[in-house]
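Peer 1: From TrEMBL, here are the annotated features:
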type	residues	note
TRANSMEM	43-72	transmembrane segment
DOMAIN	190-385	domain 'Glycosyltransferase 2-like'
TRANSMEM	368-388	transmembrane segment
TRANSMEM	400-426	transmembrane segment
TRANSMEM	481-501	transmembrane segment
TRANSMEM	507-530	transmembrane segment
Amino acid sequence: MEQFSSSTLLPDTFAGGRGDMTEQFLVIWSQIRAPLIVPLLRVAVFLCLAMSAMLFVERVYMAVVITLVKLFGRKPDKRYKWEPLKDDLELGNSAYPMVLVQIPMYNEKEVYQLSIGAACGLSWPSDRIIIQVLDDSTDPIIKNLVEMECQRWASKGINIKYEIRDNRNGYKAGALKEGLKHSYVKQCDYVAIFDADFQPEPDFLWRTIPFLVHNSQLALVQARWKFVNADECLMTRLQEMSLDYHFTVEQEVGSSTYAFFGFNGTAGVWRIAAINEAGGWKDRTTVEDMDLAVRASLKGWKFLYLGSLKVKNELPSTFKAYRYQQHRWSCGPANLFRKMLVEIIRNTKVSLWKKVHVIYSFFFIRKIVAHIVTFVFYCVVLPATVLVPEVQIPKWGAVYVPSIITLLNAVGTPRSLHLLVFWILFENVMSLHRTKATFIGLLEAGRVNEWIVTEKLGDAHKLKSALKAFRRPRFRLGERIHLLELATGGYLFFCGCYDIVFGKNHYFIYLFLQATAFFIMGFGYIGTFVPS
């Protein structure tokens, strides 16, 4: 049987055209490669290595600090006075400070009973606590359910206030700000804030309020998050690895060394006087919690992180919800950095060292460099060196530094170390989404003020059945397909193939694995199985 040639399959004109186009491309590539591509790639490699080195130094520094804190028992709470509050026969319950508990809500059908029930279950003198439910729900059915739940607890003698607005201006920041304007709040000294999926233990106030009572310089006591659905699927396990590092290292180091860290927006108790002095809640970015924390810090207030106090909450268990959350968490800090840089530099109430920490470490390294270098270096520049072998990346930059950074990040969740490869691939893919959001925040473009409430599925005991209902196959092209991830996956796959045929770098295993991760998440499929 005769073999088929290109001329039998395509007319000569097409075959000739195809050959001419290939030759033209190769000619153009050879002409621009040496004078343009190689110098640009070398500059990119230099910048990425510099950012990688900065991130490496930051991670090693925090590892050293947290190790010293653990060895010498210098945890932040040991440096502040704490004594249990005691009854006073003469003053009675008035010896205890008045505490406001705020629960901001927006169409929280699955979790409103959990959060309201947990807040109403807080152990504190009943006449010295006010539960304030700030309901911005737009669904009249959910709004009615929340109001009825508040009435149910009120009938049991709980001092609970159901507050609504006729608009959602400012989103969560607007709701919290309006909540503090009510006349009954003037008698309160402290405010505890819990998002709708957070469930504090009954002794939460007894463990936090004494720090604020006995240390007048403290503005905030922040508790750690405990994830009730961390074992639900692969995606929640990977989220747990990232957030555990934030809580076990970043928050602990910030509290230990500078008495400053970013408020997590929930599971914390504020001194109301500090909120007012800092200028109150502002809705200029999507990270109103971080905004308030930075402004309060610049006024000289100190913060305390209690890693031993854990509050149960829920991780996003759908990829769509997680992407919206990560956009807000990446775009907001970058936008806040843009808005507050000059204000921080000009501030005269805090030390130069603290200003350097806030600008360089807290904002620049953790909120900007960490996202950019992860995507640009490991998903763009490193694969490009396969196509341009004239540019080489030193082994310390391509292997040693990334490996150490990865291990330091993952050490906060030792039970998930066997998932390290999955976590690396997952974080690299998400770095594209975070980098895009970071530039949107820095440039104040497009979706800079987008606020979409993270979907919650409720009680961990009901979660599996809820997930099954939620994950019924629904294919919506706009929601499921992510073109940038698919394009990046195609680029990595091409670089991997090129490395096998022509390359000398031998990155093809990494490139194929990473390309696969981009393809999977580009089609919106992640985390549907439960790891052991």
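Each Cβ is built from the backbone N, Cα and C atoms, and glycine gets one as well.
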Peer 1: Go through the chain and flag residues at least 6 beyond the ends of the transmembrane segment (400-426) whose CB is under 8 A from any CB in it; none is fine as an answer.
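Peer 2: Sequence-remote neighbours of the transmembrane segment (400-426) are 52-53, 55-56, 59-60, 62-63, 234-235, 237-238, 240-242, 244-245, 247-249, 378, 513-514, 516-517, 521, 526, 531.
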Peer 1: Can you work out which residues elsewhere in the same chain, 6+ from the ends of the transmembrane segment (507-530), have a Cβ less than 8 Å from its Cβ atoms?
Peer 2: 231-236, 238, 317, 319-320, 378-379, 382-383, 386, 421, 425-426, 428-430, 432, 471, 479-486, 488-490, 492-493, 495-497, 499-500
Peer 1: Residues of the same chain, at least six outside the transmembrane segment (481-501), with any C-beta under 8 angstroms of its C-beta?
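Peer 2: Contacts of the transmembrane segment (481-501) (Cβ under 8 Å, skipping residues fewer than 6 from its ends): 379-380, 383-384, 386-387, 429, 432-433, 436, 507-508, 511-512, 514-519, 521-524.
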